[in-house]
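Asks: The domain 'Amidohydrolase-related' annotation in TrEMBL covers B:61-408. The feature Zn(2+) binding site is assigned by TrEMBL to B:His69, B:His71, B:His217, B:Asp305. Annotated substrate binding site per TrEMBL: B:Glu98, B:Arg150, B:His190, B:Glu220, B:Asp305, in sequence order.
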Number of protein chains: 2
Amino acid sequence: MTMKLIISNGTFASLRPGAKRTAVTGTMVIENDMIVFLGEHLPQEHDTPEAVRIDGKGLFFMPGLINTHGHAAMSLLRGYGDDMVLQTWLQEKMWPMEAKFTAEDVRWGTALSVLEMLKGGTTTFVDMYDHMDEVAKVIEESGMRACLMRGAIGLCPADVQEAKLREAVQFARDWHGKADGRITAMLAPHAPYTCPPGFIEKFVQAAHDLDLPLHTHMSETAAEVAQNVADYGLRPVAHLEKLGFFSRPSFVAHGVHLTDEEIEVLARHEVAVSHNPGSNLKLASGVARVPELLRAGVTVSLGTDGPASNNNLDMFEEMRLAALIHKGVSGDPTAVPAAEAMRMGTLYGAQTIRAEKLGLLEPGMKADIVAVHVNQPHFVPHTDFVSHMIYSASAKDVAHVWVDGRQVVKDGQCLTLDEERILYEAGRCFERLLER
Amino acid sequence: MTMKLIISNGTFASLRPGAKRTAVTGTMVIENDMIVFLGEHLPQEHDTPEAVRIDGKGLFFMPGLINTHGHAAMSLLRGYGDDMVLQTWLQEKMWPMEAKFTAEDVRWGTALSVLEMLKGGTTTFVDMYDHMDEVAKVIEESGMRACLMRGAIGLCPADVQEAKLREAVQFARDWHGKADGRITAMLAPHAPYTCPPGFIEKFVQAAHDLDLPLHTHMSETAAEVAQNVADYGLRPVAHLEKLGFFSRPSFVAHGVHLTDEEIEVLARHEVAVSHNPGSNLKLASGVARVPELLRAGVTVSLGTDGPASNNNLDMFEEMRLAALIHKGVSGDPTAVPAAEAMRMGTLYGAQTIRAEKLGLLEPGMKADIVAVHVNQPHFVPHTDFVSHMIYSASAKDVAHVWVDGRQVVKDGQCLTLDEERILYEAGRCFERLLER
């Protein structure tokens, strides 16, 4: 049976590059998981009595936000060590705790993050972690969309490396296309500085064999770039290029420290960059060259990174940071305008993960939709809703969320997950990690 | 009659510099407008039957946020021109519209901002604008606390200058100490680049005569600093010092472009700086040298600036920006730690406006208090509430607000102002400005 939803009197983001206006007011029709109409007046053929109808007055509708880099289960370590030197933070805080993570910890940490993301308007996220079966099960239950991969650190004996690679491949085989297509898989050697070249090459080969894209961390800190040069005589981009990484559809997280030549290479190979401004600032990694990347034609999307280094999963905040910091650091107030920041959080995110049917509110696209209440003080006057979403909004302003045509958040409440249980279990997991 | 409020089972921010822990759990007692007790167990003498009691379980209490620089009525121009070159934005967008502002526009624009600020946990703000009687009346009605001043631009004939000075002085005489002491006044020549030296000197003299502090914009952009050197042969700090500005208790907004020597002069004269990170980034003014200012012993507080250049009045966002950008730009992840960012938004704000009884939750301090619901996904696990407020919270997380011991926000709703009317009137004012 066809499920039809008609949203009338709404204002909808119009983000296709080159569009004359960034918002249109009118009616949207959704059939099952797809948008089938958006325009001023409802055509008669869609005006059917069995349709569910929503009055969109006072709501601004935008494409679901796409978080292109993260480690959801690390929410269990939110606030457990801040304002520290990176190596101390990793060695004394993060790694000892993460080494104790069980499948159950990953389950509840991920559920906590998925709950936060859905309520905050993020409909798709990229997750690179361990115990990925647990992550996939949470996605299945939550109704969210995700691009999942087992992140493999190769600083270990050959047999352990092999086991990790097998696990990554098996996960991709088991879950790619599952949950009604809401789950896709990728392969992800963790980073050039944590994976020997031969290990990365095996992932490249596996990606060819499975016809899957690749993802990795790259050039997050100046120190890791210097280390790459010391170890291999090449900066990370040339290093990954040499290992064949860019022969696959691929994207990298961070990309903070890039030369003009490296930007050129990324553009040539159509390698997208997941820009993680909150994490990069908090860990003092630096400020990525986003205006230069965009000018060079590189697809730049946004990621929160793990909640321990952010410390929330509010994609409105990442869009705002992207719009603000590149102005402040470059001295150019026209850098990353509001509509471009919103594309980074939506359309460019879709392009990053090669999801052709996500990122725009248009007929033929998936119905991944966020509605924000605009009759609030910080959105008045109603001058420019895209500006308001970028410069004034937060995750807490989200009223309703649909993924794949199914409503998953209504009036700020998640319909698919048990919030009270998740908060309780996540708190308990953290207490047990401390005791273990 | 004494009104007594007892908040039990709460967790309270403990921000006195040097305190062993940043939060204490226990009970707070408020009598009328003052905090009279904070400790683990309620002493018997406070356990009186007529007291109003609140269960503080699941709430984190912090001092009311203090926004030390803004132009509240400019909320009417929120989103009316973004992502533009500063001079174009001012000349084509802001100034033509502001020239049309009437007292009624200032009234509703200010009410819109006060509503947003109160709901977002800001209990005190500094406002420098025109039609200040209207601003003061809104403050009186709202229950908020404010430090108000008529901002005077001196690029006009002598008689107009005189009229502005008289207006500024009269406003201070009329309103200083009013609204049960919630309103204080200052004097404010707009900026060295908009006020001739002789005009600034008259404000300095008036501040001496009235025994009031001074406030001004200073060194927001590199261009205005260069202009100051070209016009007067001095950078702004030496210029203002020469004009006697720092002979009064005073503070400056922005202070983005400062040399080591200028920081030294500010520290010596105990001139506080209102850091406006959101506005400075959005207008591409640059990044203030906050770690250096703090190291030199300068009091650095936080301001949103006007809502047209921010574009919200969320002080949680300013605290987070202060904590994030100085790490990212300096490369030092220990710069501006969470507790210091919260002090910038509270205690240092109180010191900036010389309000000795604000900025800390301690007996003997005014009961300006904000309560945040912490049983939410982005605050779990409950590792460190100060970290959570800085790195995860937004204005929308505020549940309750008290100013001067009076509850002004309850469960996210403002008790003193008519939200529906204000949103309507502010929207109408904007429409009429467009038509005029």
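One-based numbering along the chain as shown.
Glycine is treated like the rest: Cβ placed from N, Cα and C.
Show me how these features fit into the shown structure, please.
Replies: Mean per-residue pLDDT, taken over the domain 'Amidohydrolase-related' (B:61-408), amounts to 97.
The Cβ of B:His71 (Zn(2+) binding site) has B:Asp127, B:Met128, B:Tyr129, B:Gly151, B:Asp305, B:Gly306 as same-chain neighbours under 8 Å, each 6 or more residues away in sequence.
Just so you know, the Cβ of B:Glu98 (substrate binding site) picks up 20 other Cβ atoms within 10 Å once every protein chain is counted.
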Asks: For the substrate site as recorded (B:Glu98, B:Arg150, B:His190, B:Glu220, B:Asp305), determine the largest distance between any two Cα atoms, in Å, rounded to the nearest integer.
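Replies: Between the outermost Cα atoms of B:Glu98, B:Arg150, B:His190, B:Glu220, B:Asp305, the distance is 20 Å.
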Asks: Starting from the Cβ of B:Arg150 (substrate binding site), draw a 10 Å sphere and report how many other Cβ atoms land inside it.
Replies: 26
Asks: Checking your reading of the structure: which of the binding-site residues B:Glu98, B:Arg150, B:His190 lie inside a 10 Å Cα sphere centred on B:His217 (Zn(2+) binding site)?
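Replies: The binding-site residues passing the 10 Å Cα test are B:His190.
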Asks: Measure from the CA atom of B:His69 (Zn(2+) binding site) to the CA atom of B:His190 (substrate binding site) and give the result in Å, rounded to a whole number.
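Replies: Here the two Cα atoms lie 12 Å apart.
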Asks: At the level of the C-alpha atoms, what whole-angstrom distance separates B:His69 (Zn(2+) binding site) and B:Arg150 (substrate binding site)?
Replies: 13
Asks: Could you find out if DSSP has B:Glu98 (substrate binding site) as helix, strand or coil?
Replies: helix
Asks: Please list, in sequence order, every residue of the chain apart from B:His69, B:His71, B:His217, B:Asp305 whose Cβ lies within 8 Å of the Cβ centroid of the Zn(2+) site.
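Replies: Filtered neighbour residues, in order: B:Gly70, B:Met128, B:Ala253, B:His254, B:Ser274, B:Asn276, B:Ser279, B:Gly303, B:Gly306.
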Asks: Give me the non-local Cβ neighbours of B:Glu220 (substrate binding site): same chain, 6+ apart in sequence, Cβ-Cβ under 8 Å, ordered along the sequence.
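Replies: Listed in sequence order, they are B:Ala191, B:Ala253, B:His254, B:Val256, B:His257, B:Asn280, B:Ser285.
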